[in-house]
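Lifted from TrEMBL, the feature list:
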| type | residues | note |
| --- | --- | --- |
| TRANSMEM | 365-383 | transmembrane segment |
| TRANSMEM | 395-416 | transmembrane segment |
| TRANSMEM | 513-529 | transmembrane segment |
| TRANSMEM | 541-561 | transmembrane segment |
| DOMAIN | 663-821 | domain 'Callose synthase helical' |
| DOMAIN | 827-915 | domain 'Glycosyl transferase 48' |
| DOMAIN | 918-1507 | domain 'Glycosyl transferase 48' |
| TRANSMEM | 1258-1280 | transmembrane segment |
| TRANSMEM | 1315-1333 | transmembrane segment |
| TRANSMEM | 1404-1423 | transmembrane segment |
| TRANSMEM | 1505-1523 | transmembrane segment |
| TRANSMEM | 1535-1556 | transmembrane segment |
| TRANSMEM | 1568-1591 | transmembrane segment |
| TRANSMEM | 1603-1624 | transmembrane segment |
| TRANSMEM | 1676-1697 | transmembrane segment |
Amino acid sequence: MASTSSTEVVPAGASWRRRDALAHTLASRRLPEGVAEPGERVPDAVAPGVMPFVRAADEVEPENPRVAFLCRRYAYKKVQRMDPSSIQRGVRQFKTYMSLRLDQDDTQVLGNDGKEIQRFYKDYCAKLSMISEKRNFEELARRYQVASALYEVLRDVTNNKVDSEVMKFAKVVEEKSVHFKNYKYNIIPLNFPGSSEAVLELRQIKGAIDALNSIYGLPMPHIPMHRHGDRSIRDLLDWLSLAFGFQKSNVENQRENLVLLLANIGARTAGHEHPLSQDKINNNYCFFTLDCIFLSGVRPPMFVSCLSVCATYFTMSEKCFTRLNWPWDLTSDFFYQGRSTSRKPKTNFVEVRTFLHLFRSFNRMWMFFILAFQAMLIVSWSSSGSLSGLADATVFRSVLSVFITAALLNFIKVTLDIVLTFQAWGSMDCTQIVRYLLKFFVAIAWIIILPLTYSSSIRYPSGAGKLLNSWVGNWHNPSVYNIAIIIYMVPDILAAFLFLLPQLQNVMERSNWRVILLLMWWIQPRLYVARGMHEDILSIIKYVFFWVVLLTCKLAFSFYVEISPMIGPTKFLLDQEVGNYEWHQIFPFLPRNLGVVITIWAPIVMVYFMDTQVWYAIFSTAFGGISGALSHVGEIRTLGMLRSRFKSMPKAFNKCHAAAHGEVPTALHMAMTSKEGDYHELIENIKLDRDRYNAVIECYESLILILKNLLLDNNDQKIVDDIDKKLLDSVEKNTLLEDFHMAEIGKVSNMVAKLLHLLSNESTNDMAERKIVNALQDFMEITTRDFMKDGQGILKDENERKQRFTHLDMDVINHSFWKEKDSAMDVPTNLDARRRITFFANSLFMRMPKAPQVHDMISFSVLTPYYNEEVLYSSHELNKKNEDGISILFYLQKIYPDEWNNFLERIGVHPENEEALQGYMDDIRIWASYRGQTLARTVRGMMYYRRALELQCYEDMTNAQADLDGEESVRSKAIADIKFTYVVSCQLYGMHKASKDSREKGLYENILNLMLTYPALRIAYIDEKEVPLPNGKLEKQYYSVLVKGNDEEIYRIKLPGKPTEIGEGKPNNQNHAIIFTRGEALQAIDMNQDNYLEEAFKMRNLLDEFLIKHGKSKPTILGVREHIFTGSVSSLAWFMSNQETSFVTIGQRVLANPLKVRFHYGHPDVFDRIFHLTRGGISKASKVINLSEDIFAGFNSTLRGGNVTHHEYIQLGKGRDVGMNQISNFEAKVANGNGEQTLCRDIYRLGHRFDFYRMLSLYFTTVGFYLNSMVAVLTVYVFLYGRLYLVLSGLEKSILQDPQIKNIKPFENALATQSVFQLGMLLVLPMMIEVGLEKGFGRALAEFVIMQLQLASVFFTFHLGTKTHYYGRTILHGGAKYRGTGRGFVVRHAKFSENYRMYSRSHFVKALELLILLVVYLAYGISYRSSSLYLYVTISIWFLVFCWLFAPFVFNPSCFEWHKTVDDWSDWWNWMSNRGGIGLTPEQSWEAWWISEHEHLKNATIRSLLLEFILSLRFLIYQYGIVYHLHIVHGDRSFMVYALSWLVIAIVLVSLKVVSMGREKFVTNFQLVFRILKGIVFIVLISLVVLLFVGFDLAVSDVGASILAFIPTGWFILLTAQLCGPLFRRLVTEPLGAIFCPCGTGDACKGRCCARFRLRSWAVLRKIGPWDSIQEMARIYEYTMGILIFLPIAILAWFPFVSEFQTRLLFNQAFSRGLQISRILAGQNGSGSKRD
């Protein structure tokens, strides 16, 4: 929003007041200009030894400048001793600064320096005894530190000749300062009893400390001999520490944690038990005891063995202490690890890489859809073909055969249970094994009984029915099968009954009765988790209704649209004779066109199983839209709507929040209660809220303006000017409280209110004028006589006896601003400001709990994991230009033009004054960083919570009119301290601090600046140290460290190992720091998020949701919506913003209610901290499987009885990826994560323990979405390969040209049915509905049209391929890993080689395969098929091919500029030609990249490798079909034709091998021989071709057809060769290694013996295989593929308008215009020489 200040340059003081707090910190830590480089600060290398003396000099300078000079001189000497050569960074500049400062301050004094400093030291020490330790503990600590520094300087000045009296003072200071040394604490100074911190004065803190100190009656713990040092016991934590030997920092950390928990819960409960109190805290500290045992007693070599213990420590009971004994027996075998190094077997569940997990986890869903399909197929095939056919007994009896299918599917499921858990049988409980075997035998029994009884119910059986009847005899009784069905259905009937009684089912699952235990043992294995998860009956009714309606629509659609229309063509095809084959028939005995039927039905069946996802998208959108409308979402979406409901907003605000005064009345109350001498405190309290401060200034200036315009008499105006001058002078001199009676300001306020009321309401007649005059005179009388202490003389005028303030300008009253409507100019022009205003106003009318007072609210923490991202942009980064001449600062100026102008107005700099801007570089850095995805932006946003709490707490105390002796501000800060904690877990902070790299050092300094700016901020990091052992070796030790302020270390807790090595980095970065968080709730915030002050005010409301039941229980995770703030960066960012916005609003709204399957999808959800700390934490961190750690927190919470809700009345900002490659990395990471989720035990347990309908919700909102995305793509492949089979075999031609077919339309429809489902536009529906709700449906339609014009459909179709590729590869081979996406602004052009490397395997190869299929289908069917039918069938697939081939280039900035195209071609060609593969990165060499692309196959299983081989066989169909269509074969259909085609391939491969061998042997020394060899090979090949043309009638068309045939075959050879290496290792190397390994550990051996064997075997394999030729063949394919893709780009780059169109397509208009101008300027400056 624009500021009201002038655009001229403002004074420095005014500018300083408007600066950001972080800018103050940056300026305060910088050396003077001209001494050091911009941004240089006191060097860290010398800071610890020098800063005490610099601080002492600053402290004593007002009292004695000479002593301050001596302190600085000593500091200079110390720096000189520490670094005489000025090697460390910044030391030379610091010395220069100190030297100049010393020269400036060196003045002569009377007497001797030694005597002067000794005299001052004695006076200074004497004053120390006069300071009250109780009231000024922190100040006293600071002064003792200064005294210690002064004494060291004194000894240097006097050459250690110190006066005896001074030594006595020094000794006293030394004795007393021991108490104040290391005065470091986190929130509560518990280790400093004399501290006067306000937080210790809080009643609830005192009560909590007293409760901990109450240890009367506890026995003295047994203390081992090696710990007989300190035996003092102050409280319960000391007792536990002595008993178990906990680390000191661990105990201190938990002591503060427990005090804060007790204090906060005690304050809220006010003496009565609270639901969050006893049980949770007891659980928390039982687990704290186990944690501390682990951290204090386990040595690092035992770390891995203890992980299994820690993973399940929350299930420990008295068995733990039975084995450990009490006191703890250090010789116990509790942590014993056997000698075997093999991995401990799994229990209950094994993560096997197979797609069969999907069937096993969701077997009930698959059974339902398969049985429904069978039933619909039977009914459609009947004579009636409609549902009325069920009335026919025969049809109904056929439908009942679905139970046989159900028994078969159940048998498959039970078999999978045994096969997939077999590896865990060695550690599995015997009862579980018995259960699996019993279920297996029961399943076998049913697949025998049901078919036998079914066959007996058929009156006239045929085929298999006759055979079965011969076995069972004469049981021709239909009731036998019915009885069998009833018995078979008994468990399902019982389950349905219990489903209607969820509370009973919850009780049974938790029961310990033996009968119920036996029953539940058969139904499901008894586990600690996943019990009692059933919802209340109302929630069940809601999600059952959702799914019943959805499934009814889906099945009706499948029956009438997908299945029934196919029955007629299918019956016709089966009735016809087999058509004429145009190739050698593979299956000559295939009856009745069965191959054609399978080809047609295959895609239909796949669509049947996939289209439920589309129906879910439709229904979730409808339900979400209705739910959003009922929740008042989007009721106020414009400022016009805001005005219409403005009068009702105060009432709505008071309903949601505790009643509060306005800003000005609050400031008046502060002033009235202030005393003389408290001026600085008064100003600080008013400035605590910037809005309050601005309101006071605006009210005062408005009042002066009104009075001056109202008064006509110059003398009257002079009186107003005198009062104004007097007040401003008092403010400037800091004497406001001395010059005015602040207790009388209330009278002044009342008179102003009366005057304004008369001015705004009275008419302009004589009576009204008299009232206004009287009110004005009363106001002036009270102001000068009562309010001002010496204001009586202002109204005296001896020369004039006329009455004052009687001449008024009544015209001003008639046209005054208070009677005018707000003009359009007063409306904020900034779109984000409008959005925030309207959202906040709208949220007041939504359902939210009433906010409690801050004193009674739930305490909470915020935790942010940080790795190595940007903290604060440097000036170099902002001004660094890319190859287009675009800098980040220029980019931001163009996409945020109004905000840039407002910023310039705030700092008072003209836009064209570049020189003046350089003086505000700190402000510019912060302005840019607050618009990027930086840590500084996140920290600023999260610290709004503390600011809001301080303001709200102050308001609470003001409303309560508590008598706090003017300490409301101090008390409010103390309460905010115990209610809110912010911890940023900077994993590499310690490494950055010690690093010499300029960027890493800058990261450390910027984080340090953040801590200095925000004193409540805490930084946690993992510190690594090498410690010498007694044997002389070095051991690495790891610590969790917490620091604050100026890098002051608070806690240091030793870890048993490095957390980030045993699991994923980000979750373990959170896990190690979570012990430093406080409170009952924990909000997880990513480092690319933001917060807003107005939203921070609603945090109390949100936290109160923990106390309200939502369904069956109170929530354990509160879901919060996000606003994606990167949507304006580019069109891609806009697409992602809309996609994410729809998911975090309408998507999660439906997941939470009615479906009850919302989990944790990332930040900024709020956790019940105590609940999750006692149930495994908020981040599962196992390697690979927990890649998407966020959603596992939701799984974990739900499995352990938690409840996840979603709330939309509060939102936080979130940055998303803004470039094509960034977005692709993000989509790949999420797809990898979902692939791992498919294999995990959490999904299996949820899929089995949820009821049927909730299980459907789980499937279609998690892994099912990615599976169905993959099925949608596979449907295209199945469809096209089916068409390839029909067209190459000739069956399609014979069918379509059959004269018996009178109506070809049904068959054409059968061919094209699947194409309808390739559109996928229904998935955009949720996005449009949510935009319609929040912005209006007209705006939603307009945005939809604009998105399509900006090729949004191309973008989303492209990423369908990304999801498919990475999800499928993860399940098949693994390879899931964290992919850094980057947080910066993408204004750079990605090279063609970079895009090629990234998308070659995931998109380009697959798209070219589809392209070849389309071409072959067109070429061999054009003679008999209409073009309209071809387009109808394949148009959506052509669009898919275009998207997968060219989307990365369409959305790549400057891709179609000619000089960029030339550079890209050169770069790609050089990359392809680089033949060095060893020691080079994939970015440097094609060979290195080609090898890295096959890394995922190294760890693949034999099963997955064989499946890859089977899938690659599809590439042989082309060659097999096309060779029989060549002119040269003359219609021959024998198998010999196909065999001869392989001979041709062998000749080509041998030729390539000959050339390759010749290059190796002759190219260096026998160049001529090599050329002759190549000539001979070329002549032979040409001769063979000529011979084929002349002697065997080879046609030109045959050459093109052969290329189409052999290209896929060559790709098959490459894929097979890639699989040979891993297969050889699995089938030969590993078995031989296991047999002959001397270690006896088999394939688990990691020693040198087996490593040497593996290397030798691999060398043998390379020698016997044609690997070099394979690699050269792969290079040829890559060259061909790259040229085919690059050619259209090069052609389009010829036309300049294409590049301009692309720029408009990618970026908004302002940036596009700026980009064009920048290019012109770059060309004028000579930067265009490169393109020439």
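A Cβ is built for glycine as well, from the same backbone N, Cα and C atoms used for every other residue.
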- So are the transmembrane segment (541-561) and the transmembrane segment (365-383) touching or not, going by 3+ C-beta pairs under 8 A with a sequence gap of 6 or more? yes
- State the residues, same chain only, that lie 6 or more residues beyond the ends of the transmembrane segment (513-529) and have a CB under 8 A from a CB inside it; answer 'none' if no residue qualifies. 315, 348, 431-432, 435, 491, 495, 1199-1200, 1245, 1248-1249
- Query: Okay, the transmembrane segment (395-416) and the transmembrane segment (1676-1697): do they have at least three CB pairs under 8 Å, pairs separated by 6 or more?
  - Reply: no
- Query: Under a criterion of three or more Cβ pairs within a distance under 8 Å and sequence separation of at least 6, are the transmembrane segment (1535-1556) and the transmembrane segment (1603-1624) in contact?
  - Reply: yes
- Please indicate, using numbers and ranges, the residues of the same chain that are 6 or more beyond the transmembrane segment (1603-1624) and have a C-beta under 8 Å from a C-beta there. 1409, 1412, 1415-1416, 1419, 1494, 1497-1498, 1500, 1502, 1505, 1508-1509, 1512-1513, 1515-1519, 1521-1523, 1541, 1544-1545, 1548-1549, 1657-1658, 1661, 1665, 1667, 1670, 1673-1674, 1677
- Which of 1404-1423, 1505-1523, 1568-1591 contacts the transmembrane segment (1258-1280) most, counting Cβ pairs under 8 Å: 1404-1423
- Determine which recorded stretch among 395-416, 1404-1423, 1568-1591 has the most C-beta pairs below 8 angstroms with the transmembrane segment (1505-1523). 1404-1423
- Query: Quick one: DSSP breakdown of the domain 'Glycosyl transferase 48' (827-915) into helix, strand and coil?
  - Reply: 42 helix, 9 strand, 38 coil
- Segment confidence, the domain 'Glycosyl transferase 48' (827-915), expressed as mean pLDDT: 88
